[in-house]
Amino acid sequence: MTFVLPDLPFDYAALEPYIDATTMHLHHDKHHQTYIDKLNASLDGVPQAAGKSIEQLLTGLDALPESVRVSVRNNGGGHYNHSLFWTMLSPESTIKPDGQLLADLESTFDSFDNFKAEFSQAALSVFGSGWAWLVKDNATLKIVTTANQDSPITYHQYPLLGLDVWEHAYYLHYQN
């Protein structure tokens, strides 16, 4: 299977003033595309990867030749994480979720405000490059962080919310 860059579900400028169009263009068209190019190159000629989805590859790294595992974890993780990330961003603002997700957040974190504070603290605690995630681990909601492009799916956790805290996600605009 050859992996391809997914379209953004919005215009590059749709998230301004928070994320500017230049950052979105570089982040999506350059950084994400590079992960895909390197992933496809590393899987070229690897029969164990034929027909596998990115989720299957990331949850089954041990089935791949050792020579490609690190590349698939890094570049496949970058592709998976970013593909999911684009769908989590929206120019439409909502103050907080509703329904079962809100009930689960309030049950787990005592309040939605506590969840936001804990999620923000987790994101700020990432040293260097990585991600902050809200995941479902079995039936439990958890906030976790991953280094680099490691993905919670590799650990059989289902990501519900992800925040890219790599410098390329914000540096051009915020420069700190």
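Including glycine, each Cβ sits where the backbone N, Cα and C put it.
What TrEMBL says about a protein is an automatic prediction, not a curated fact.
The domain 'Manganese/iron superoxide dismutase N-terminal' annotation in TrEMBL covers 3-90.
DSSP classifies ASP164 (Mn(2+) binding site) as strand under the three-state reduction. On its own chain, ASP164 (Mn(2+) binding site) has HIS27, ASN81, HIS82, PHE85, TRP131 as residues at least 6 apart in sequence with a Cβ closer than 8 Å to its own Cβ. The annotation Mn(2+) binding site is assigned in TrEMBL to HIS27, HIS82, ASP164, HIS168.
Shown for the domain 'Manganese/iron superoxide dismutase C-terminal' (97-176): DSSP residue counts in helix, strand and coil, namely 36 helix, 23 strand, 21 coil. The domain 'Manganese/iron superoxide dismutase C-terminal' annotation in TrEMBL covers 97-176.
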Number of helical, extended and coil residues in the domain 'Manganese/iron superoxide dismutase N-terminal' (3-90), per DSSP: 62 helix, 0 strand, 26 coil
